[in-house]
Each structure stands twice: as structure tokens, then as C-alpha cells.
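One structure is given below, encoded as C-alpha cells.
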Amino acid sequence: MNASKPYREIQLDGQILINETSFSNNRMFISPYTPRSFLFLAFLNQFYNIPFTYFISLATIEIYYKNQYSTFILLLFLIIYGLTKEFISAWWIWQIEKRIQLVQVKRWNGNNFHIINSQDLYVGNIIVVDKKAPADVVILAGEDKIGVFNSYVTEGEWKEPVKEIKKIVSLENTDFFGISKLFGTVEVDEANGNFGSFDGKIKLRGRPNSYKLYSKNVIYQGTEVNSKILGLVVYTGKDTKFSRSLNCTINSSFMNSKLSKISAVFVIILLIYMIISIIICFGFKNNESFQDVVIEYFIMYGDLVPISAFVIVEIVRVFNLVRFWMKFDMAKVNNLQSLENVAKTEIVAIDEECVVSEVVVAKYYVGDGIIDMRHMARDYGDTFTLTTERAEFVSFCRPETPINFQFWKLLLLATSAIKENNVYIGPKDEMSLLKTIEDLGFDIHIKTKDSINFSFDNRKYYFKIIQLNNYKSRTRIIVSSHTESYFLVQGYFTSIFPIFTEKTKEKPESICNNLISEGLRPYILCSKYLPLEAIKKITSKFDSLSHSLISQSKKIEKILSKLENASEFLGIVGLEDKILKETRASLSKLLSENIKIVVFSSRSKVKASSVLDVIDSPVIIPLIDLDNEVQSYRALWKFIIDVIYKLNSRRQSKRIDTIKELEESSQSLPGRYSEGEKIIANHKLYRKFSINPNIDFLKKTYKGEKRYTVMLDRVTLQSCMKSDNTKRLLTCVLYGADVIALCDMMPEDWVRVVKMLQENVKHKPVVLGIGNSKWALAVCQNSGIGVTTKKSLVGDISGLSLAQIPELISFCKASYSLTYFSIFWKFFNNAVLASFLLLFQSFTEFSGYLIFPNKLKILFNLITSIQLMSKNYSNPRILQYIIIGTILVGCVIVFGLITGYSMILENGRVIDWETMAMMDFVILTGSIIFLCFLENRSYYLGLLTIAILATIMAIYDKGNTVNSGVWMIQVTFGVLVCVSLPSMVYFIISRIEPVFNNRFPYNNFSEVYTSTQYGTSDSNSVKMHYFTMKFKEKHTEDYYKQTYIQESLGVIQVSIITVSIIILFWAILNLFLGDSKIETIIRFSCAGLFFLLFLTTFLTNYKRHYIRYTVLLSLTTAIAKFIAEITGNEFSVIASVMIPAVTYILFNVDWVYLTYVNTLSLIFSIITLSLYFKNASMSILCIIYSIFVLVSLTLFTSIFGYMLEKYYRNVFKLTIYIKKQVEKSLSILEILLPELVIDRVKAGVRYIADDQGEVTVLFCDICNFEQLCNEYQPNEFSALLDSVFSIFDELCENYGITKIETVGKTYMACSGLNKQVFGDSPCIRLAIDLALDMIRESKKINLKTGKLSVKIGINTGQVTAGVVGFHKPQFSLVGDTVNTASRMCSTLETSNSIQISRSTYDALENKDGIELTANKIFAKGKGEMETFLVKEGVFVEQKKEVSLLGVGGRTYKIMNWRQSVLQREDTEIIKSVWWLGFTETKREKEYRISKLESKYWSLFGGLAINCVLQIGLLVIEICSYTIYKTPIYGIILKSCIICIQIPLLFLHSKLYTKYLHQFLLILIIVLMLTNSILSISTWPGTISTLELCYIILFLNHMISSRILVMTTLNITLLFAWFLALGISSYFFISEFFLLIFFSVINLFSLYRSEKKHLKSYNLQVQANKEIRETEHLLVQMMPAHVVHSLSEGIPITEKLMDITILYADIVGFTAWSSGKNPKEVVQMLSNLFTEFDKKCVELNVYKVHTIGDCYVAMGYLSGQRDPVTECLNVFHMAQNMIDIIFKENQNYNMQLAMRIGIHTGDIIAGVIGNKVVRYDIWGTDVLIANKMESNGKSGEINVSESCKNILEGVIGEEYEFSFNKEIGKNPACKSYFVYRKIISEE
């Protein structure tokens, strides 16, 4: 795993139920709304594009001043309609979500499985998946191969359980056993939408290795499986791969966006019209109020932004929806706005499954001819699928001839797809083959991964699958029946050709070329008949390999490769992707309309290339397998230069017509490197100079090929993402292509390409994504419009096929034109009307007279909207209508108003304003009607509109004016003139301006951004956001909040109740001092709210939503304070400063939300300050002075609140890091030492001797160990030992027996050590049963020369469990019982035997099921002993399971790591936050500096704010002195403060940890306090109190000292201010008490932060010490590089050359120890081995292990080596050991001696097993070293010849070597004794 990547850590525990985690729950959210958030979000969404502020303002003014409700009613209609529309769409999606969430799942609760809904799943739950995965799940157990369907997987991929976990948890008869044994952690990637990768590991507690997780070990949410599996939930809800790939945001409508832009423009025009009218109005007269004039003109021009336009848009949308349903009756629209967006489609992204309807067998070759399967199909409607009935008429297709039948039968057997519930699961092509085989008459009954059962012509066939293997895209399978057996291999030609020779390759290659030329995909079948003897031999080999622990896969591959080479070519099937005529026509039509096509596929380029046959493109560019960014850059550059710009005329591109040409073209692509060149190209420096950044020529117009197709795969895409310039070139190539075929890609890659085309182009082309499967939803939802072919899939539009897409686009373009014209027409009409009204005001001296009453305005909007029902509209030309509108308004003014002034009717009456209004209304409306007719050419709508106009005119006028001939003539003339002039302009401009068309194709790449914005995949991070400080991952943020409230709940409760008491006291005090009732009531209410919140903190719900509660309370308090101050015309200083102090420093729950609250509170305070001081002397200066202090105080608290929260979050991150480090170190110790001694060893105890009473000791030796060392390679041998001992570890865990150690071939365990687990259980019988199981399991393990065999010896007696040694403390059992058990094992003569001692036999009570045979042996040091041989017998009684508490489960302690770390006694930690003392210790100084470093920026910010404040106040003091002659001491004191503070600010980084810095800050505080006291008589008391609050805040958060010192400073400050102030009035009494409370609040917050600082500091110190000590201990117990590997969970095995090994044995120890009690033996060994260990450290020798009285060491430690020095060090170690035991003999009155053997050779070293492991050594040379010791002499050093040769070159002058004897055979090794030379004295 990549250490730099962020991972989520998940607890795996089979004994508990995880009910809640910090990760998201498993609720699926497909809709952008949830039922809870719908009303709020949908309401906001309605106003997202509507200028609601304008409409609300207009509706309010109309209701209040004019009593008109039209705008309000229309606005209410829009809101209700929008909410209803969104609710209907969301309701349907909620039902889908509900169905998903209510799926029932079996979840493990620690004891058994229980049924729950899938929405109740949490990360870390263990579940059973028997059909569909409810979340992303790691497969823990199940069948070896798990078939999946309805999932996103690579073709032919099978899922598998984690092998190591499958050994622990077994599946038996559909039930899982052993779940309770699972305990550890799982690390996986942070949640992402990348289906192509899955990285993780499982680390089980008590096991040295971690187990890697791959994509094959995980199934994703929604995946269906064909068998039951046990899984661990790793991603839920929003975090699943599927959910992360979706885009649940609301896609806004382009129409709404245009509406917003047009509305914004017309609002500006409205303001211009208003400003002009208001200015001119006041130029004529000034007697009207400004407010009335503004309101009058606002209402007059209000229709410039017509709300009716928005109503008409919604009506037109409904109209279009009805038309859509009538046209596409099977489709469903989930997002109404998407119909408008479809009209702007420029790119269509298509799921390949929408293009390829099915895969069919077109031709096949068998024998000597190619048979066309489509021959008969063409007569039956062009379908390639043959039914059985049709096949009866096509004799050559029927497998009736032997060769045909044999081919189809073997092809059926060769497929890896399986049949589950009549559904095929497997690769798509194989499923098509099976369907074709069924059509040909085969009846497939059963097809699983184990067997195949089918029938043909009433004859049944049954084959058993011996082996199924996928290798390099080809499938190898061995099948066998009782009569025949075959080896079969099948696959595509590219994967099969490598197994052919040049001679056998000719025929199939020729056939493949013919098939490829026809666009077919060759699928080759080869076979080999296996005789009965051969299949028996092969089956036996596979059975043997199934129990082999070494290189199992390599051996299987060797067998299959040999069979492959012997197989013969049988036949070829030509597969064809079926593409319907309608689909072909649809794609062609899209291309003809200049719409780009992107086809995305997960299939390989060979399979996906069939789509290219549909495309008639002159050039196809295969960007395939370019795995280097320089390669990709060169290929893209060449293509752009040679093909697009055609700057290189020598290179000609051609169309690629076949797959073969595609393969050849991709291999000869310009820029492709050879293997040698790739090494150079990957160099960083080469990449830098090979990618030319100068690509500005792309902005030039190109004259080359404008129609081409690009084929892109995942490898090339990923290489292009590594460089910005390569990304841009790729975007340019994709941007200009007609068709893009994406192959071999994951869903996130499809989205990446779509995003590149959308976001890297300036005009943001609209993409329509169409998908046919769940996995294509990612593209659909990330496109502008998502279309799905199935109604069950959520999209903007569901239920449309690809063939209907061109028709959909045409329909939506027409609908878009109608909607857009309706909007444009309404704005145009109202703009004309408003312009007319503006000009009309010039005739009334801008009196505000409205010529058209509201009735006429409503009629105008109604009549001009009737013609919008037509469908014949195009996009209007804005410039054209601006000119037309200007001319139209001018004509109406000239021929309506000006002419009307001189008009005299027949009765002699002069026309009045009402008559003129009617005339202008008719002229204006009639002209617009005619203009609309020019657009739609709808005669019936035109005549209908004119008739309606005439009718309304007659009704409205009641015949008074209409009957006048003069009026009619004038109206007719005006209409004709107003129509004719605009019409002429309309036709002229129509001929000049071209009609709008799509942007594609382009002629340059200027639209592509220079710096590409999208394409690079996002990387998850746990970093905090700089401003909000929130963690990027939601579960991390939730975990932090959960931890914060758990740690801070008590502090928050105390804070809330304290504030409640303060407010209550304040309210009572002011009640007696005579405050107003309203203020008192509000104060009592605030106190009650705080108390209510205090009670709420005891509820569970508060812990989840404490931020909401706190912010809401703070907001309510700020509003209540403002209301109280406004009503009482007062300003409360303490309340104003308490709100920021309490919220930021005391509560500190969420800095961003609290900033919003405090900003609002500050605004309220500024308003009340302004009102409070408006009548005071120096009012302006007082207001500015107060605002300066108040703003500085708020900023000051906000900075400290920000830094405080940031510190808390950093401490949280540090805590997580420390926790991981501590637990990682402890987890390694747990696998090195048993639990009963681990705490004492960790504490530094090196002598432990615990009497364990009577126990049963078991020794197990591997037989023929030396032979195994010679037979196996080093890595194979270590893997073999690891596997064997891991099996034994599992057995020990199952029986509850403690593993002691493994040394070489010996495995030692002890039954009865853990008395808490066993109690009075029969531990002897358990040991015997364990031994029987060990033999039983060993017999299953196959070796190269047979089966594994072991010998086991068992003895019962008293032992002492202890830890001995100084350098490498090692747990061991000591006592004569152990020696006897070892003799029981070593004296066995036959393998796979068990021998027990007489003491074990006597203590054994239950002998049922075993056979005991008496025996006698002679044991070294013991003499003749009576023993018993044990064999497995027959149970007389039914075997009873021994019920043991904890047996087979977990026995590890789940400890509070933080508590265990802090509880350790350590004199270095700082225990008190109250007092530092006069003398500062080194630790206290370190703590003080670390605290100041964490507060660096808050201190700097406080200094900067105070500096700005003092400068501002100095300016105010100077102004007050100049204007009002106030005392000058304020200027002097503030000047002194500034003179001190400015240098301090610049020297802050150097002085902030010094005491001088604190002294200068205290001096500044003294000067500020002095200034505040002296200014009491100059400035109002409110300002003095406000300034004092600031000083208190500055004191408590700028001075860094202990709480007692800070308390003293606060008391001194308040006392000085109180003495100077005196009790002059009741006002100051209340303020003084509240100042005390304010100081207490600051001290309490200071205490809280100080305590947090101290606790985190102590934790860090103690944890670092714990980690250092543990790592030091671990490095003592094994080499440093091994410790590092174990900490990462990586198994370590290494081969070391020329290692010098020492074996030492204590001669006479057995006889001496037999007369001593175990504690005396342990004490002697501890003293002796401690001295040995000290010499090991001194001489740089590594102690390997001790077993009994044997001591093993070697010269290699770690790092760089010198074999000669190592050998010499070991020799000196041997000499020192002889000297040390001589001294110990004198101390203990013993007669012991050392027998030492040394050998130099090659060894294997590593860590094996799962429990109580150690770094051990093996190999032939290790055995030789052991023999050197056993063949030596007491008190002598026996060395081998290889060791002698090294030593002679170093110490040959001082020592001599005496030949001893030859040891061993094949080869024999000479041994020598080493003696110091006797130098004679001359």
C-alpha cells in the first residue's frame, strides 16, 4: 500500500456488533433532495433563476401602496407550481431509494445473524450476501470462485474471498463458522468513484503479516452474486463507488440561465428609466416627496421585467411536455428542464450497450470450410439469432455430422460462463456462444464451475471440470466424463496465436484474416484428447497440488502449458456485434447534424472496434497502449501536424477498415517507443525537454482533415493526464473529432473524458449521455442531460432508445425555439411598452400620469401572448428587434400621440387622454400582432388575435370612439405605418444575418483552454480546509465532532449554566435598579433559554446536533439583546462583549457559523451605539471610538477562536497519529510475547519467573528436516515452514492452547497456562487431541518427495513461565517437565507418532477415542523411562465438544490506549495547570515554548489588531484634543503604547518565547489600563467599560502564564479599576459585577485551553516515550529492518550469505536442574543469559534465540556488512561465554561448562507463523552449526572449515586450529578446535 495515500481504518471484530460509526450510513441518495431538506432546497432552487428579490419588492409595493395583488398572485403561482413539479420528480426517486433501503440483509451481531434493512448497515458490519450486495463489501469467505452479474467487472473476471480469512472462516452447508475468531483492522482507500482500483489490507490481531486486498476481493453495491458469501462492509451510502461516481446536483436549465441574464439586463434598464424620469420630474417640480416619486415610477416601469414571461415559460413547458408524451409514449421525463437543454446538444455520449444490441455467431470454421450462420437468418427479418426451428431447415448449421457435433460440444465445454437460475453469468461473448449452441439443439441443464450437464438428441452428457484457468485472456479447461476427457483452450486470436508454432499457425492465421476482413472477431478453439490413464495421472497431480504449500500456481501453470503446446487446432467462430438498422440510421443522422458522438465501452479495442463500422470517417486514429506521456505527446503532435493541419505533406493518413489494420496502425503509431526507448523516456529530465510547451499554433485556422475518428483506451488516457500540455493536445484532438470510441475504460474514465470535453472548452458544449446499465449512470448524471433506455434507471429522461435520440433532439430544438421566443417576445413587448411610457411622460412634464390603465396593460399582455401557441418559431435576432422596437416606438409616438393632439372628431370634440390611450393601445398592439405573424406565418392565429382585439376594443370603449370615422382612419393609418417600416427592417436584416447553427465542426482550437482544468483524477486527503478548518472526508469530520463533544461536554455544560447565572443575576440586579420591564423580561428570557439549553445537553440528541443548538442559542441571544437595547434606547457593553467572548472562546463549536452570528451581533451593536450616542457631546467621536474598540474586540476573539479550534483539530490529528503508532508497536509485541508477560516486559522487567503449576507441554518436530533444507529453494522452504506453523497456530487457537515458540524444526506449545480460560478443563486431553490434529493436517501436506511427517512428545508437570535475557527478552518455559517433553519427542523412532510420559498417562482421565501402547525408552540425562504411544482409536461414547470460554475466539484485551499511556508513572510529565514555580524545569520550559509556538499566529494577530486599534484611538484623541480641548494624557499614553508595540510586532518571531515579550505585553496592559482610568472623566462611562473589557480580553489571551498567575493579574486589574472609579452611581455597580463575571469567563476559557494544552502535551510526551521504548525493545528482539516490515504487515524472508552462526550448550545443565526447583533454574539462566546478552551488545552480535540451556547467535545485525568482522566478533563472543560461565560456577557452586560450535555459511532468515513469532534462521548451514556444537567438547570452541579459513587470516598468529573430525555426509564438513598458541619465553 502507498504510505502517502490516505486510508480509512475499519475495525474488524467478530464478537461485537458495530451499531454506529463516523462513516456515512447506508442510505442511498439518488435524488438531490431528501424528504427533510426538500422544502428548503427546492424553495431555494425555485428562486435560483428567478429574480425573486425584484418580484417580491414589486409585489410588496403594489400591495402596500396600490392595493394590487396581480404580481403577488403570479409569484405565488410560480412558487407553488415549481415546488409541485420538483416534489413529483423527487417522489418517484424517493420510492426507488426506499425500495433499495428496505432490502433485508443478514447481519452478524457477535453471536448469530439477524435480519435488518440495508439502510441500517454500518461500515465494519459483517453480513451475508446471497443475492445482491447492499453496499461495497470485502469478501471474507465463500466459494473459491464467485460469479457476479449486473456488475461492473472486467470480462471473464471472477471474484474470490480473501484466502487467509477463508482459512479461518469456513462455509459448511450454507452456514459460516469461525466468525468470532476475526479480530483486527482493515485499511482501504478513502471513498472514491474509481472502479478500476481497490487498495487495502487486512491485519489480524496477533498475526505478523497483513493480507493484501485486491479488486477481485470486493463486490460493489448492487452487484449480484451466484453463491452465498460472507462480507465485511467497507463503504456505505454516499461513500460507495457507485454513489461517488454519480452527480446528484441539480442541473440548471439553460433557459432559466438566459432568463436570469435577460432579467438582470432589464432591471438595469428599469433603473436607468427610473433615474431619468426622477431627475426630469424634479426638474419640473419639487413639491412631491422623493419616496412617492420613486414608488410611482417603479410601478410604472415594473413590467420591464415581466413576471408574466416566467408564467408563460412554465405554461409552454407543460405544453411541450404534453407534446413529448404524445410523441414518445413510452418515455418518462424526470427533469422538465432537461427538454430545453437537449436542444443545445453538441455531443452525444453513448453506452456501447445501446449501440450493440447483441453478439451473434456469424460464421464458423470446422473441418475444411467456413459455414455462414447468417444464410438462413436473412430470410427471417435480418436477425442473426437462429432458433432451433429455423436451424432444422439449415442442415449445414446442424451439428449432425461427427465433426460439427464434436466442435460445438467441445466449444460448450470450453466456455467458462455458468448458468444460474436459467441466467448465464460470464463474459458477454461466451454467453452469446452458449445461446447459439442452445439454438442448435443442445439442451444445457447444469453448467457450473464444477460440472456440465447437457443433452442432445435425447442423449445425456455429463462432464466434470477438473481444472479451470484463465491466463493471458485465454481460457484453459480440463473436463472429464466416464468415457472421454479433454484439455481445451479457447480465446481470441491474439491470445491463442502464441501457443502455435510457425507451422501450425499458418492455417488458423489465414482463416482469421478472412474473418477480420469481413469485420468479424475470430474466436479460436484448440483441444487435446486425454486417455483414461492420462486423466487419472493429471487428476492425481492436481489433488496432490491442492495440498501443496509451495509454488502451487507455478506448478499448475507448468502442467497446463505443457498440455497447451500439445493441443491441436479444432475450429474458429466468427463473432459479430449486431447493430440494428435503426441504430445505424440514428448515428448517421447525428453526424449529419454535426453532433459529436462519444461511444464508451469497457471492452477491449478488438471487441469495441465493431462500432467503427457504422462510422463513415475518412481517418481513424487509434490512440492505443501509449503508456508513456512523451509517447502520447509525440503521437498527438504528429497527428495534429500531419492530419489536421497537413503541414507534413509526405505523410498520408488512411481509413482503417479492419481490426488487423487497427492492430498494425496502433503499433506503427508515430511516437511509439521500443522497449529500450521507454526506459529513457520515463526519465524525468527527458520528459521535461521532450514535451514542447509552445503549442500556440493551435489557435490558427487549419485546412486539413476536419472529419476523423479517435479510438482511445485507458492506458493512453492515464499517460496523457501526467502533463498539462499533453492533456491539452488530447483535448484538442478529441474536440475536433466526429466520433470518439473509448475502450478498455472504467466508468470514472468515461466521466473524465466527458468532463474534459465539457469544461476545457470555452463555450461549454452540452453533452447528452445515454446509458443502458447502472454503470453508465455516472456518465448520464455528469453530462448536461442524462437519458436512460430503461425506466428503472434514474435519468433526466428515461425509456428512450438510441434510435429515438435524433428525433428527440429535433423535437427539443423546436420546443426550445418556442420557449425562447415566448420569453423574448414578452420582454420585447414590455420593453416597447415601457419605452413608449417613458417618452409619453415628456408630454405630461413627467407628472407620472399613466396613459394605459392596468386593465389595458393586462389586455396588452394577454393579446400579444395568444400567437405564442404556434410551433413555427426560430431563434430571434436580438439586434434586429432592437432596431424594430426603436422604429416601432417612434412611429407610435409620431402617429399616435403627436397626431392625436391635433385630431378633432366628427362631433367637434377634441380627443381626450382616454381616447388617445385607446388609439395608441390599438396601434401598438396591432403592430406587434403583425410582427408576430411575420415570425410564425400562422394565419388563423393572426386573424383570431385581430378579432379578439376588435372585440375587446368595442367592449372596453362601449362604442363611444369606435364609431368615429376620423378615429378609425387615424388608427388604420397609424397601424399601417407602424407595421410597414418595422417590416421592411425585419426583411432586410433577415437577408443579412445568417441563421444560427451548431458550433461543430470547428476550424481551430482556440476554444480549448491553455491550461486544462479537468481530467486528472481527484486524490482524497484528510487535510483541513484552510478557512472553515473542516476535514475533507465527512467521516473524519464526524469523528472529530463526536470526540470533541465527548471531551468538552462537561465544560460546555459548566459554561452554559455559568452564563445563565450571570444573565439571571444581571436581570435581578437591574430589576432592583429600575430598568424597563421589556429589558428585564428579555434578560429573564435569555437566562431561561440558556438554562433550557443546559437541560438539553443531557439528551442524546444534543451530542449529534450540538453545533445547531449552540449557534441557534447564540443567534437568539444576539437578536434578543438588540431588541432590548432598541426598545430601552440603551447600550449594554457587557452583553456586547460577552457574545463574542462566550461563543468564540468558551463554546468554540464551529468558527464559521459563529462568525456569521457575531457579524450580525456586531452590526446590531453598531446600530444601537449610533442611536445611544446620537445626542451625546462629541457624539461622532464617541461612536467612532466605540466602534473601533468593539470591532477590535470582536476581531480579537475571532482570531483566538479560529486558532483555538485549529489547535483542537491539530491535536485531534496528532492523537490519531499517536494512537496508530502506539497500537502498531503494541500489535508487534503481541505476536512476539504472550499476553501474560507483555506488560511487565514493556515496563522494563527482564527477570520474570511465574510458577504455573501443573501444565502439559507439547513438542512437535518436523521429520527429515535436513533433507527438506536441501530439497527446497530458500524462499520455498521459508514459505513451507510458514504455512505448516501457521496451520499449527490455528489449531492451537482453536483448542485454546498457548504457543510457546518455534525453533528450527521444533514447535512447542503448552496446555493449561491460561487458567482464566481453562479453569478445571481437561487440558491434557486437549493437548493429545491437538497432537492428533497436527498429524492429521500434516498428512494432507504434499512435499516434493511425499507427505509431511512429524513426531510429537507430551509431558505433564510443574513448570515456571518466565522471561530471561537482557538484550533480547524471550519468553520460555523452564523446568524438568520441559526437558522431559523434549525427550518424549526426540526419542520417537517412527514418524507421525505421539509419545506421552508416565506422568501424563497417570493424569489423563478421559482415554475414550485413543489407543495407548506402553513403551520404554532411554533418554539422555534421564536414563530408562516408561512412556506410552498414542494412536487415534474408536469412541466408546459419543464425542463431546469441550466447552471452553474463549476457546477458538479472541483473547486479546481491547484497552484504552490513551489511558494506558497516561497511567504510566513518569516524573517528567507536568501535572498541574495552576502553578509553574519560580524555578522552571527543562520539561516545563519545553511545555511553555510548545504552547507559545501553537499560539504564534494568534499572538501575532492580537498584536496587529491592538496596534491598529491604538493608532486609530490616537487619531481620535488628537481630534478630541483639537476640537474639544480634552486632556492631553490620552495622546501621550497611546503614543507610548504604539512606540512599544510596533517594534514588538516586528520582533515578534524572535521574542515571543522570551520572558521579555511577556514583560512588554504587561507594560502595554498597564499603560492601557492607566489610559482607561484617566479617561473616565473625559469619555462616557460606557466607552471606559468597553475599553476595560478589551484590556481584560487582551490580558487573558496575550499573556502566557499559569492559571494562578493569570487570576492574580485579573484581580489586580479589576481592583485598580474599582479603586479609581469608586462607587459613584448604581450604573457602575451593575457594570462592575458584570466585569467580574466577564473576567471569570475569560479565566475559565483560559483554564480550559490550558488544560487541553497540558493534556495533549503530556499525551504526546508519554506516547513518544512509549513508542521509543517499544521500538527499542523490538529492535532488541529482532533486526531493525524486520521490525519495520512487521509494522507495515509485510512478511520478511531473506537469504543471507556468509553468515557466522554460534551454537552454545551448557554441559551438565540437565543433571544440575533436576535437583533444583524451577525458580532457581530460571534465576540462574536469567543471570547467565543476561551476561551473554550484554556481550552480544558489546560485540555487535545478534542473539537469535535461546531454547532451554541452548544459546544461538549470529554475526549479522542489520545494514552494511563485513563477513570477516562478523566472524571475528562471534569468535570473541564464544570466548567470553566460556569465561562468563566460569564466574557463574563460582557464584552458584556449580560444575557447568560451555560446549560451543561455530560455522560460516548461507542461511535463510525470516518470521514465520502467526502466534508468538520470532526472527529465526534455517538452512543446511544452520544444521551444520548445530552439529558443530553437538560434536564439540566441554569448554572448547569447535569451528567448521569455512569459519577456520576466515579466522586464520585474522587471528592466525595468536591461535591454532586442531582437527577434530568430519561431521555429516553429502557433503562432509571438517571441524577444528581453536586453541591459543603458547608463546615460549626466550
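A Cβ is built for glycine as well, from the same backbone N, Cα and C atoms used for every other residue.
TrEMBL does not curate its annotations; it predicts them automatically.
According to TrEMBL, the feature transmembrane segment maps to 38-65 (among others).
Per TrEMBL, transmembrane segment is recorded for 71-94 (among others).
Among the features that TrEMBL reports, transmembrane segment is placed at 262-285 (among others).
TrEMBL lists 297-322 (among others) with the feature transmembrane segment. Long-range contacts of the transmembrane segment (297-322) within the same chain: residues 50-51, 54-55, 58, 61-62, 65-66, 71, 74-75, 77-78, 81-82, 255, 259, 263, 266-267, 269-270, 273-274, 277-278, 281, 333, 336-337, 339-340, 815, 818-819, 822-823, 826-827, 830-831, 833-834, 837-838, 848, 850, 857, 861, 865, 868-869, each at least 6 residues beyond the stretch ends and with a Cβ under 8 Å from a Cβ of the stretch.
If you look up TrEMBL, you'll see 939-956 (among others) marked as transmembrane segment.
Under the heading transmembrane segment, TrEMBL lists 968-989 (among others).
Through the fold, the transmembrane segment (1049-1069) approaches residues 1080, 1083-1084, 1086-1087, 1090-1091, 1093-1094, 1097, 1103, 1106, 1110, 1134, 1138, 1142, 1146-1147, 1629-1630, 1633-1634, 1637, 1640-1641, 1644, 1648 of its own chain, all at least 6 residues removed from its boundaries and within a Cβ separation under 8 Å. The transmembrane segment annotation in TrEMBL covers 1049-1069 (among others).
Remote same-chain partners of the transmembrane segment (1081-1099), defined as residues 6 or more beyond its termini with a Cβ less than 8 Å from a stretch Cβ, comprise 1049, 1052-1053, 1056-1057, 1059-1061, 1063-1064, 1066-1067, 1070, 1106, 1109-1110, 1113, 1116-1117, 1120-1121, 1123-1124. Among the features that TrEMBL reports, transmembrane segment is placed at 1081-1099 (among others).
Residues or ranges marked as transmembrane segment in TrEMBL: 1106-1124 (among others). Panel annotation: around the transmembrane segment (1106-1124), residues 1041, 1045, 1052, 1078-1079, 1082-1083, 1085-1086, 1089-1090, 1093, 1096-1097, 1130, 1132, 1135-1136, 1139, 1142-1143, 1147, 1149-1150, 1153-1154, 1157-1158, 1160-1161, 1164, 1167-1168 of the same chain, lying at least six beyond its termini, place a Cβ under 8 Å from a Cβ of the stretch.
According to TrEMBL, the feature domain 'Guanylate cyclase' maps to 1256-1385 (among others). Averaged across the domain 'Guanylate cyclase' (1256-1385), the predicted model reaches a pLDDT of 81.
Under the heading transmembrane segment, TrEMBL lists 1496-1516 (among others).
The feature transmembrane segment is assigned by TrEMBL to 1555-1573 (among others).
The transmembrane segment annotation in TrEMBL covers 1626-1647 (among others).
Residues annotated as domain 'Guanylate cyclase' in TrEMBL: 1700-1829 (among others).
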Handout entry: Composition by DSSP (helix, strand, coil) of residues within the domain 'Guanylate cyclase' (1256-1385)
Key = 61 helix, 43 strand, 26 coil
Exercise for the section: Would you mind splitting the domain 'Guanylate cyclase' (1700-1829) into helix, strand and coil residue counts from DSSP? Expected result: 64 helix, 38 strand, 28 coil
